[in-house]
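Report on the structure given below.
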Amino acid sequence: MPQRIFTNARLATMEADGAPYGLIPDGALILDGDRILWCGAQSDLPDSDAPREDLGGRLVTPGLIDCHSHVVFGGNRAKEFELRLQGASYEEVARAGGGIVSTVRATRAADEATLLADALPRVDALIAEGVTSLEIKSGYGLDVETELRMLRVARQIGEMRPITICTSFLGAHAVPEDYKGRTDAYLDEVCLPALRRAHDAGLVDAVDGFCEGIAFSPDQIARVFDVAHALGLPVKLHAEQLSNLGGAALAASHGALSADHIEYLDAAGVQAMAGAGTVAVLLPGAFYTLRETQAPPVDLLRAAGVPIALATDCNPGSSPLASLLLTLNMGCTLFRLTPDEALAGTTRNAARALGLTDRGVLRAGMRADLAIWDVSEPAELAYRIGFNPLYQRISGGCV
Ligand code: NIG
Ligand code: FE
């Protein structure tokens, strides 16, 4: 790939220190193959005879990163949506055999081609909004074969679309019906063997779990994390979503990349995350859908310097949301993040939550993942609702 130069751009570099958004108002960029070769003020642009494109003052951000999703699943839960509107709570639906377990039935029944065909439109909706990296979890199989099938589909998505896919093994998502009341047996007989097999097949980039009264206890999650460590895999956790079991502190004590949801996180959990450098991944789509009233402790996270990321949590139950732009808006409106924090949460800090060190900011040497927007102010990306101003998306240097 030859070099390309973009001129007359407003660059939201998202570098942490300096101007809000790391903004360079009269900026230029040189791409060389799949990398950013140079990025800075246009007045400093080095001499080059590479082809130039005048961006007419458009805004350039790092390609967006959705660091928490469950886009691969069978069926949908529109019926459950109706039930909840009639008054049933998320936990009641789950305990009555609905919830995650009903998606497990539909996912087990779907072959690989069906799962792929169902997931691609969701991925395409994200891509259309400038997403260039996406995390995808398993966790709706809860048997060895289906967990592996979900992860294979996730890998296929990365081959079929110009997007980086990071997979997370989420076998500890729910206890399947045939193991009801026998959670440890499920871990020993299904979840941990599935993790080892998926890892052997090269299908796992990280290991996740759901630490909650309706799912797995901290001790049970610790068992999963111990196996992850033995395999050399990083961990992360759905923690403190519906109650406070100390999941985030447990995750931090295992050096987790992130603790996600964390509406019920307390000050001790915040300190543990700060000490371990664990990213707080906030999921306003689930907060909104479940009509949660307790917001995550954003002030405490800020005060402790915990990096904050934002993600769709795209899944059929608690967050049927396939828009990262809407997620930015929700992060600001529901959690009172600033638009700068929200954009950092879907770029710089989302990269960190995935352990990706080569993206999330516009900087020489970083991967050429860019989103070019028909807006001039970065705050416009979080401010509008249901409006997509993407002009062009570049993933690994390619349009
Ligand atoms: O991230 N919290 C657990 N897992 C998903 C919900 C999955 C579902 O309801 O299907 C979440 O919100
Ligand atoms: Fe989730």
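Glycine too: its Cβ is placed from the backbone N, Cα and C atoms.
Because TrEMBL annotations are produced automatically, they should be read as predictions rather than curated entries.
As written in TrEMBL, here are the features:
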BINDING   H68, H70, H238, D313  Fe(3+) binding site
BINDING   H68, H70, H238, D313  Zn(2+) binding site
BINDING   R77, Y140, H173, Q241, S318  4-imidazolone-5-propanoate binding site
BINDING   Y140, N315, G317  N-formimidoyl-L-glutamate binding site
DOMAIN    59-377  domain 'Amidohydrolase-related'
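Feature map: annotations from TrEMBL on the structure.
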residue	record	Cβ within 10 Å
H68	Fe(3+) binding site	31
H70	Fe(3+) binding site	28
R77	4-imidazolone-5-propanoate binding site	22
Y140	4-imidazolone-5-propanoate binding site	30
H173	4-imidazolone-5-propanoate binding site	26
H238	Fe(3+) binding site	31
Q241	4-imidazolone-5-propanoate binding site	28
N315	N-formimidoyl-L-glutamate binding site	26
G317	N-formimidoyl-L-glutamate binding site	25
S318	4-imidazolone-5-propanoate binding site	23
Keeping only the binding-site residues of H70, H173, H238, Q241 whose C-alpha lies within 10 A of that of N315 (N-formimidoyl-L-glutamate binding site) yields H70
Around the Cβ of D313 (Fe(3+) binding site), other Cβ atoms within 10 Å, all chains included, total 28
By Cα geometry, the one of the binding-site residues (H70, D313, G317) nearest Y140 (4-imidazolone-5-propanoate binding site) is H70
Of Y140, Q241, D313, the binding-site residues with C-beta less than 6 Å from an atom of ligand 2, in sequence order, are D313
Sorting the binding-site residues R77, H238, D313, N315, G317, S318 by sequence and keeping only those with a Cβ under 6 Å from ligand 1 gives H238, D313, N315, G317, S318
By Cα geometry, the one of the binding-site residues (H68, R77, H173, Q241) nearest G317 (N-formimidoyl-L-glutamate binding site) is R77
Largest C-alpha distance in Å for the 4-imidazolone-5-propanoate site residues R77, Y140, H173, Q241, S318, as a whole number, is 20
Whole-number Å distance separating the Cα atoms of H70 (Fe(3+) binding site) and S318 (4-imidazolone-5-propanoate binding site) is 11
Surrounding the recorded N-formimidoyl-L-glutamate site, with Cβ no more than 8 Å from the Cβ centroid of Y140, N315, G317 and those residues left out, we find H70, F73, R77, I100, T103, G139, P316, S318
Cα-Cα, S318 (4-imidazolone-5-propanoate binding site) versus H238 (Fe(3+) binding site), nearest Å, comes out at 13
Expressed in Å to no decimal places, the gap between the Cα atoms of R77 (4-imidazolone-5-propanoate binding site) and H238 (Fe(3+) binding site) is 20
Same-chain, non-site residues whose Cβ lies within 8 A of the H68, H70, H238, D313 Cβ center for Zn(2+) are S69, K137, D260, H261, L283, A286, A311, C314, N315, S319
Rounded Cα distance, in Å, between H238 (Fe(3+) binding site) and H173 (4-imidazolone-5-propanoate binding site) is 9
